[in-house]
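Per Swiss-Prot, the features are:
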ACT_SITE  Glu82  active site, proton acceptor
ACT_SITE  Tyr201  active site, proton donor
BINDING   Ala33, Glu56, Ser64, Glu82, Val250, Ser292, Thr506, Ser510  FAD binding site
Amino acid sequence: MYYSNGNYEAFARPKKPEGVDNKSAYLVGSGLASLAAASFLIRDGQMKGENIHILEELDLPGGSLDGILNPERGYIMRGGREMENHFECLWDLFRSVPSLEVEDASVLDEFYWLNKEDPNYSKCRVIENRGQRLESDGKMTLTKKANKEIIQLCLMKEEQLNDVKISDVFSKDFLDSNFWIYWKTMFAFEPWHSAMEMRRYLMRFIHHIGGLADFSALKFTKFNQFESLVMPLIEHLKAKNVTFEYGVTVKNIQVECSKESKVAKAIDIVRRGNEESIPLTENDLVFVTNGSITESTTYGDNDTPAPPTSKPGGAWQLWENLSTQCEEFGNPAKFYKDLPEKSWFVSATATTNNKEVIDYIQKICKRDPLSGRTVTGGIVTVDDSNWQLSFTLNRQQQFKNQPDDQVSVWIYALYSDERGERTNKTIVECSGKEICEEWLYHMGVPEEKISALAAECNTIPSYMPYITAYFMPRKEGDRPLVVPHGSKNIAFIGNFAETERDTVFTTEYSVRTAMEAVYKLLEVDRGVPEVFASVYDVRILLHALSVLNDGKKLDEIDMPFYERLVEKRLLKKASGTFIEELLEEANLI
């Protein structure tokens with residue numbers, strides 16, 4: 001397996017790998033990583049679909065990519081997916097998956113046309129004082145010290161950041177900036193999270209720094225992620241005769257492990273209550289999605305909080321069982337045990353057709369929520385909320401069969417141990433109606449109307465004990481390599497597998513690890529697209545410098561006297577050169 005860039009490799013079709021007709025594949029879980037791996041096995045590995053088996057513990061595919069109408073509760077979205085144009089592996093996948101919405105088009109075609117016709121951006125990113133837009137919204141408000149800390153972090157080597165927290169590398173200057181408000185609420189970073197992952201994010205998305213404040217960097221699907229991404233993949237794979245088995249819990253994979261070789265010999269499962277073992281040969285490839293951020297989710301309703309839990313589910317127990325067999329299979333406890341009580345645990349879906357509530361939403365987002373087009377353009381964050389509450393409405397309706405007069409709002413609180421201004425409770429203690437009341441309060445609904453309007457919404461809370469597990473501080477070796485050294489037939493896929501440079505909590509990471517696993521185990525002779533190399537582009541770096549300093553010119557940026565002298569001399573030498581052109585393009589001179 002090797003990395004590539006450019007369209008020479010992107011448009012090429014690899015030859016059929018030797019011996020693939022004699023191979024089969026077992027994929028543990030039916031999340032995006034597994035569905036992507038199955039697709040790459042068929043398209044690029046040219047494996048027969050009937051030789052591919054997807055084993056899913058639940059009765060529904062999709063993993064964390066959800067969006068359902070629960071008959072007892074109502075519409076539920078545990079989260080959303082922010083995408084961008086340089087998710088190279090994701091788009092490589094979906095260019096080959098037929099759209100369920102547009103005839104003779106791929107999912108990529110559909111997505112591309114949609115976001116061309118209705119580009120995403122926010123008209124109000126942060127509010128305070130019960131519905132008032134933050135006066136400095138749109139500015140980064142980074143001090144000289146904070147900017148220096150960002151640069152220092154990016155210049156460090158990854159191995160210098162083993163088990164280092166964000167709070168270890170950033171001071172109060174940075175944590176008090178608008179940049180941090182945008183960053184932490186958009187990505188769900190918190191000060192106790194991994195500085196290593198923070199660095200990856202900064203370097204991975206530096207080309208989108210200019211779109212951080214207004215979300216113009218982002219792209220979204222038409223409907224919820226289950227209907228827009230998962231269902232087309234499922235239908236595509238079913239048409240290729242891939243086998244889906246639900247109600248199957250994989251308890252363990254027996255692996256013969258040495259430093260030189262790892263061979264999966266059997267899969268121990270419980271199928272509808274019966275224990276079984278699936279024997280394996282080296283021709284039987286196993287793809288494991290280790291760990292899960294939505295495992296063990298509990299649900300409440302309008303009148304009941306979602307019950308807190310810390311019980312690990314099958315994906316964590318499987319990873320624990322694998323890690324005891326081989327130290328190269330990672331350290332799951334690092335991610336799912338002892339998450340701080342302040343962490344994000346709860347999100348909620350509020351569904352309503354109440355015109356007064358919809359009007360309050362429109363007052364903040366400056367768009368008609370029922371237009372079928374972009375609404376908030378990403379999350380709106382309440383800066384003075386103790387919960388650090390945020391909410392968003394993507395294009396409505398979010399569900400294909402949803403009534404035309406209805407909207408579904410996604411709400412989450414970054415801090416789970418703080419009491420709300422309206423409810424005087426933590427979000428964990430709140431029923432759906434109480435979460436809705438807190439949201440309506442911060443939107444500026446008069447207090448005497450809040451309770452009645454909250455009753456006009458059906459709000460379903462979800463408690464996810466491991467939702468921020470990706471971000472916990474880690475060191476090299478805590479996550480297994482996608483294909484461990486010497487592995488003959490076992491690979492790890494998803495956001496708890498280790499690959500270079502890319503960032504977790506993204507659809508791209510799931511698809512990238514799947515692609516790498518398939519290409520390596522089958523020896524597919526085609527390059528995996530490298531992570532977009534924006535951090536190596538001097539134009540992008542100069543533009544980022546301008547944005548991080550809120551558009552100031554070089555001669556306006558606060559510098560020590562000596563640095564100012566050096567800057568003036570360098571600018572004089574750059575006059576009339578290509579360097580001057582670059583600085584002008586970046587709005588620095």
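Glycine residues also receive a Cβ, built from the backbone N, Cα and C atoms like all the rest.
Remember, it's a predicted structure, so these values are computed and weren't measured experimentally.
The binding-site residues Ala33, Val250 differ in how many other CB atoms lie within 10 Å of their CB, and the one with the most is Ala33. With a 10 A radius on its CB, Ser292 (FAD binding site) counts 28 other CB atoms from all the protein chains.
Of the listed recorded positions, namely Glu56, Glu82, the sparsest Cβ surroundings within 10 Å are found at Glu82. The Cβ neighbour count for Ser510 (FAD binding site), using a 10 Å radius and every protein chain shown, is 29. Long-range Cβ neighbours of the residue listed as 'active site, proton donor' (same chain, at least 6 residues apart, Cβ-Cβ under 8 Å): Phe187, Phe189, Thr503.
DSSP classifies Glu56 (FAD binding site) as strand under the three-state reduction. Long-range C-beta contacts of Thr506 (FAD binding site), restricted to its own chain and to partners at least six residues apart, with a cutoff below 8 Å, comprise Glu82, Phe87, Asn495. Largest Cα-Cα distance over the residues recorded as binding FAD, namely Ala33, Glu56, Ser64, Glu82, Val250, Ser292, Thr506, Ser510, equals 30 Å. For Ser64 (FAD binding site), the count of additional Cβ atoms within 10 Å of its Cβ stands at 22 [all protein chains shown].
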